Amino acid sequence: MSLPDATVVKAFLLDLQHRICAGLEQLDGQASFAADSWTRAEGGGGTSRVLTQGAVFEQAGVNFSHVTGAAMPASATAHRPELAGRSFEAMGVSLVIHPKNPYIPTTHANVRFFIAHKDGAEPVWWFGGGFDLTPYYPFEEDVREWHQSAKNLCQPFGDDVYPKYKKWCDEYFFLPHRNETRGVGGLFFDDLNQAGFDKSFDFMQAVGNGFLTAYAPIVERRKDTDYGERERDFQLYRRGRYVEFNLVYDRGTLFGLQTGGRTESILMSMPPLVRWQYAYTPAAGSPEADLYDNYLKPRDWV
């Protein structure tokens, strides 16, 4: 089995962050990303790049981090208790994009690499990541295209890869207290190492490189759609689900907070504006009801 090489992974992640930011700036056409580099007392650091108040994107954050620690946190060992007490090295790129126009979906993507060390033992390493889409006023063609892009990038790695990671995404981005998915899904994978380092790294790269290929056409198609106060209010209400999921369930958020990570970078996934409304129910037959009735439950899209 090929040995893990954190150096090449880090180089890819830094380049990926740069390319995604450049692509988003081109889509926005007005605003640019501000870079904010930081260091972590316990070891490591990163660069957060944030775009605010653009023509298309209300806020977009693309974060690179590379951190080390003396002991794996509870969030990382809950499903792998044999790793408790190991030192660790974690690196990744994580992004969340909150568009202005309610007809453009919010999206999230992440690719990451972990190594857990223990004296006298082989290092335990794995890749994880994925991307998912959260529309407010969904269009079926957009969702199908999104999933087709996900399926296309998975295809070279086997016929079973897309269905497996699509299902995992539906299960992971689910809010039990709301009994609904966070959005229309995409891909989610974790603990990837069975095929060896090179092939596992190839797949992680395919996911990272495939994100903008999947998202950019949807932005281009919807960015000039007219909207009013009603659509904006619903967008802000639905953004509340994003906050609920990230603060209550998301393993990445919990990992960052439990390892003493940089709070500003961890919480840059939060939308800049959001609202809650008591006992909201969309009117039957409305565009808002269409989201609940047809999109917030797992479906086969391709």
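A Cβ is built for glycine as well, from the same backbone N, Cα and C atoms used for every other residue.
Listed in Swiss-Prot:
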ACT_SITE  H108  active site, proton donor
BINDING   S94, N110, V111, R112, G260, G261, R262  substrate binding site
BINDING   H98, H108, H147, H177  divalent metal cation binding site
REGION    242-277  region 'Important for dimerization'
SITE      H177  site 'Important for dimerization'
Original post:
Taking only the binding-site residues S94, H147, H177, G260, R262, which one has a CA atom nearest to the CA atom of H108 (active site, proton donor)?
Top reply: S94
**OP:** Please spell out the DSSP helix, strand and coil residue counts for the region 'Important for dimerization' (242-277).
**Re:** 22 helix, 0 strand, 14 coil
Subject >> Rounded Cα separation (Å) that holds between R112 (substrate binding site) and H147 (divalent metal cation binding site) >> reply: 21
Original post:
Quick one, of the recorded positions H108, H147, H177, R262, which Cβ has the fewest other Cβ within 10 Å?
Top reply: H177
Original post:
How many neighbouring Cβ atoms, not counting its own, are there within 10 Å of the Cβ of V111 (substrate binding site)?
Top reply: 27
Original post:
Of all the binding-site residues given, S94, N110, which residue's CB has the most CB neighbours within 10 A?
Top reply: S94
Subject >> Other CB atoms, at most 10 A from the CB of H98 (divalent metal cation binding site) >> reply: 24
**OP:** Consider the binding-site residues H98, H147, H177 and say which one has the Cα lying nearest the Cα of G260 (substrate binding site).
**Re:** H98
Original post:
Closest to G261 (substrate binding site): which of the binding-site residues H98, H147, H177, going by Cα position?
Top reply: H98
Subject >> Largest inter-residue Cα distance among S94, N110, V111, R112, G260, G261, R262 [record-listed substrate binders, Å] >> reply: 20
Original post:
Among the binding-site residues G260, G261, which residue has the largest number of other Cβ atoms within 10 Å of its own Cβ?
Top reply: G261
